[in-house]
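Below: one structure, written as C-alpha cells.
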Amino acid sequence: MNNDEVKPQHLYLTGYRGCGKSTLAKLLAQKLSLPSVDLDDVIETTAGKSIAEIFANETEVGFRDREEAALMEVSRRPQHVIALGGGTILREANRNIIANSGWCVWLDAEPDVLVARLAGDATTADRRPSLTDQSVFDEVQSVMSHREPLYRASADLRIDTSHRNMDEILTEVLKAAPSSIGQADLS
C-alpha cells in the first residue's frame, strides 16, 4: 500500500525531549495549513500546573493518566500536527491511538546532542522533571535505550536530527508525509 492510500488524520511527532518536536510542529503546521498542538501544553492547561508539579503531586502514574486522557481528546479533533511528550509512547493505549489516528515521525538524536540541547533550554529544569537520579547524560542514555524500541514501533518515519537544521528536517517530513495530511506549501 502506498502513502496515498492511507488516510491518516494527524501528523504526530515523537522522540525524546530536546529533539525538536515542539519547534517542528509549529513549522509543519504553518507549511501544511494545519493547527498544531503540544500535548504537554494541553496537559498543563488542563491540570492548571506544570508537568514537574504533576509529577511531584501525582507521581508519574498520575501524569501518564493525564497524558493518555489528553491524547485521546486531541486525537478526536480535526486534523492537527501534534507534538507528543517524550514518554507518550510508553503506554500501549497511546501507541494504539497514534497508530489508528495518524502518521508518526520519530525525531531521534544522539545522546550527547540531546544533553547539549537540554542544557541550553531554560524551561527544561523548571518544566520537566528528572526521570531518574542519574546525571543528565546517563539519564538520556538509560531512558532512550528503554524507549527506542517503542519509538521505532510507533514511527512511520525516523529522522536523526543530531546534525541537521530545522529546514532540512522540515523538508524531509514534508516530502515523506502522506498527501492526505494538510495542504503542503513546498515553497
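Heads up, the Cβ atoms here are built off N, Cα and C, so glycines get one too.
Per Swiss-Prot, the feature ATP binding site maps to Gly18, Cys19, Gly20, Lys21, Ser22, Thr23, Arg128, Arg164. In the three-state DSSP classification, Cys19 (ATP binding site) falls within coil.
Listed in sequence order, the residues of the same chain lying 6 or more apart from Ser22 (ATP binding site) and placing their CB within less than 8 Å of its CB are Asp38, Asp40, Ala83. Positions annotated as Mg(2+) binding site by Swiss-Prot: Ser22.
DSSP assigns Gly86 (substrate binding site) to coil, not to a helix or a strand. For Gly86 (substrate binding site), the same-chain residues 6+ apart in sequence whose C-beta sits under 8 angstroms from its C-beta are Thr14, Gly15, Tyr16, Arg17, Cys19, Lys21, Arg147. According to Swiss-Prot, the substrate binding site annotation covers Asp40, Arg64, Gly86, Arg147.
A Cβ within 8 Å of the Cβ centre of Asp40, Arg64, Gly86, Arg147, the residues given for substrate, is found for these other residues of the same chain: Arg17, Glu67, Leu84, Gly85, Gly87, Thr88, Ile89, Leu90. Close to Gly20 (ATP binding site) in the fold, though at least 6 residues off in sequence, lie Leu107, Ala109, Thr161, Met166, Ile169, each with a CB less than 8 Å from its CB. For the pair Thr23 (ATP binding site) and Arg64 (substrate binding site), the Cα-Cα distance reads 23 Å. Among the binding-site residues Cys19, Lys21, Asp40, Arg147, Arg164, the residue whose Cβ has the fewest other Cβ atoms within 10 Å is Arg164.
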